[in-house]
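S.K.: Pasting in a structure now, in structure tokens, and then I'll have a few things to ask.
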Amino acid sequence: MKITNKLTLIGTLAAGALLLIAGGFYWLSQLDPAQITRYLHSPTILGTVLGVLVLLALLILYLTRHTALTIRSYNTTFKKALKYLVEDFGDEDEHYSEIVGDLSKVDLEAPGGYRKAFELLQEIVRQAREDRRTAQEENQAKSLFLANMSHEIRTPMNGIIGFTELLKSTPLNDEQQEFANIIEKSSHNLLNIINNILDLSKIESNKVEVEHITFETHHELDNTIDNFGVVAAENDIELYYFIDPSISSRLKGDPTKIKEILTNLLNNAVKFTEAGGEISVEIEKLEATQGDRSLIEFRVIDTGIGMSQEQIKKIFEPFTQADSSITRKYGGTGLGLTITKEYVELMGGKLLVESEEGKGSTFSFTLPLEEIRDEETDYRNAFTDVILCIYQGDEVNRFNQYLQRYADYFGMELQPFRSAQELHTFVSEGNCPALLMDFDRIPQSLREVLDRLPEEDLYLLARVTSREELKDYKFTNENILFKPATYTKILDMLKSISRYEMGEKELKSTTTTVQTRYHGKVLVVEDNIINQKLVKNILEGLGLDVDIANNGLEAFELRRGNDYDLIFMDIQMPVMNGIEATHEILEYEEDEELPHVPIVALTANALKGDRERFLAEGMDEYISKPIEMSELIYILNKFLKDKATLVTTPQEHAAQILESLQPQEQSGTDSSSSAPKEVAATAQEGKGMETKEILIAKNLPFSRKLLSKLLEALGYPYRIAETPAEALAILSSQPVSMVFLDEKMLDDALVNKLKESGVLVVLTSQAEHPERILGLNSIIYTEKMTRENFKKFLEERGEK
């Protein structure tokens, strides 16, 4: 029962008792003395009246006592609250010290004491509301500051990243190319840090958004780990990396946050690991799943200074490190692990720490990620033809352990050796077709024989700081795997060693790409000279004519005198900003009844809501600096689709591998080629097979592409069949000199036709079912598919 109800009931009962007593006296005053005497001597009447009065008194006593205890409890609670305000709240916040000081002087026992205290509490509540309004205004000011800071920092970053990309498109030697790659990767890392600074306010307000997008597993994760190769080498730290090869090449999740988590953990590992120490990054798929998602565990292990259990409790607090001496010695803001923990938990994981002082730490977390399966990038048992000799030394280190796990999955054989003498024995006996050694760990006796070993299949694992020493040897960058040994580097090495890989899968990364070129006129409005040159170079490289305006006023004047297909408009500019210029251009187009030219906001701001704000101002789209090529292409395709043409350009890797496959003019021949599935090149290096063509009957597109490139380069006519039925139709309609065939293409009808014709059947891999090719005139091509090898193979079989 509420205290007010209790007090009301007590008052009602007391008033009733008083009325009963007063009524009794009034009733008695109306009687004569004889009647009064008779009633007073009546036990029934007297007992009833006294009983009622006693019950009322007891009830009033009980309610009064209970109410007094309740009031006393409220009084105690109120005093405790006032004590907290006075002793704690007032000390922590000087803003309320005056009010709290007055509150501490209130005597609650004095008349009006509670009323005075209540008035002061009301003043505290009023002040708190005012503070909240002020905090909201300050938060808006902070957002504006972050936007300005973002613009100022991202503008020079735009120039660094953009011109690095342009630099990489120019002729560079291997060393320069690697330097450019390092600049590009480091710039992107810095950009991610800037973006995370902007995310701090979102974390505090629980507004961080988690993406769920498809990303290339090894491209994203390998690059993140690879970025630490230089700093680890410079600090004399051995950096190891292993990713479970059974993890799909594409995952769905938030790659940006995963990379930021790994970057934060690796930064700490490098910071707290002394020279001569080790850091290992391990990424593995667990057997358990979470619905349709795989559970991927990430571990960063170091042999650093370690932490006590008390220190572990502190490290996830904002702006806090294990102890103050760490901040003085190692630096840092103490925010990295706080952000890391938040990101892990937002993505459905939990960040765990195991550490021992003086021995090191292990940070681990498990994330549920969806795997996008792709059989073409699953290399299980893809390198069964590879035997790799590897220097092991006296102890098996983590790299040896990781390489053995890769070997088990890829199907290759590892042959360890421990000395120059043992290596010499393997090589002399022909048991060492390919060789991998850690240049930083091998003894001098092995270094002395490096130049005497065959260069083609000799690979060295080395730190980037060993580059000068490596110059004393004959090796090129193609033979060197700079640490850390990522999945991609190991896979590329195996592809280079393996004949099967060159024949079946390598072309997947060497096929030509279709690049879009545009025809149109574009206006770029930008006040920063570096950014002007960058955007102009990029757009001109895509085939566009580009005009430059330094501010919004110049942009308006140029728009009045020219017809443009697209305008890129910076926002923060002198004289007239981008928003004002957009308004002027829109008003001009409306007054003159001109077709609208799309305007794309081009800004270094990166705050949520920017796109909506710019669209509301009349702009048509938004792109953030630094400019990502994929975003730029999206914008161009959106607004210049009718002015786009497709141009086929080979990728850089394709140019390296297929360089020797390009058609060459030869005297007395007319080199030309036709599209696939039509009669191909009519040019021939000889006249021995003038009316016969070579049939390519391969089920994999990249295999057909490789063979057709080789035949075109050598001037041989060919036909392509993508199915057994097409192959049978070609064999039935015209004679062919040779058939390059996949075993999977064979059906009964095609086998019978091949037996009947007696044509030479060339397989590019061992038959899994030899009985299917029995009776065929077949051989297996065993060489790497280079132009010279292929030419020699054809000439030996009468194809001249």
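In case you wondered, yes, glycine gets a Cβ from its N, Cα and C as well.
Curation does not apply to TrEMBL; its annotations are automatic.
So TrEMBL says this about it:
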type     : residues : note
TRANSMEM : 7-28     : transmembrane segment
TRANSMEM : 40-63    : transmembrane segment
DOMAIN   : 148-371  : domain 'Histidine kinase'
DOMAIN   : 521-640  : domain 'Response regulatory'
MOD_RES  : ASP570   : 4-aspartylphosphate
REGION   : 661-685  : region 'Disordered'
COMPBIAS : 661-675  : compositional bias 'Polar residues'
DOMAIN   : 693-800  : domain 'Response regulatory'
MOD_RES  : ASP742   : 4-aspartylphosphate
S.K.: Looking only at DSSP and grouping its letters into three states, which state does ASP570 (4-aspartylphosphate) belong to?
M.R.: strand
S.K.: Applying a 10 Å Cβ distance cut-off over all chains shown, what neighbour count does ASP570 (4-aspartylphosphate) have?
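M.R.: Within a 10 Å radius of the Cβ of ASP570 (4-aspartylphosphate) lie 28 other Cβ atoms.
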S.K.: Measure from the CA atom of ASP570 (4-aspartylphosphate) to the CA atom of ASP742 (4-aspartylphosphate) and give the result in Å, rounded to a whole number.
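M.R.: About 56 Å separates the two Cα atoms.
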S.K.: How many of the residues that make up the domain 'Response regulatory' (521-640) does DSSP mark as helix, as strand and as coil?
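M.R.: Counting residues per DSSP class in the domain 'Response regulatory' (521-640), I get 56 helix, 24 strand, 40 coil.
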S.K.: Using DSSP with the three-state reduction, classify ASP742 (4-aspartylphosphate) as helix, strand or coil.
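M.R.: Its secondary structure by DSSP: coil.
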S.K.: Pop the mean pLDDT for the domain 'Histidine kinase' (148-371) in here, whole number is fine.
M.R.: 83
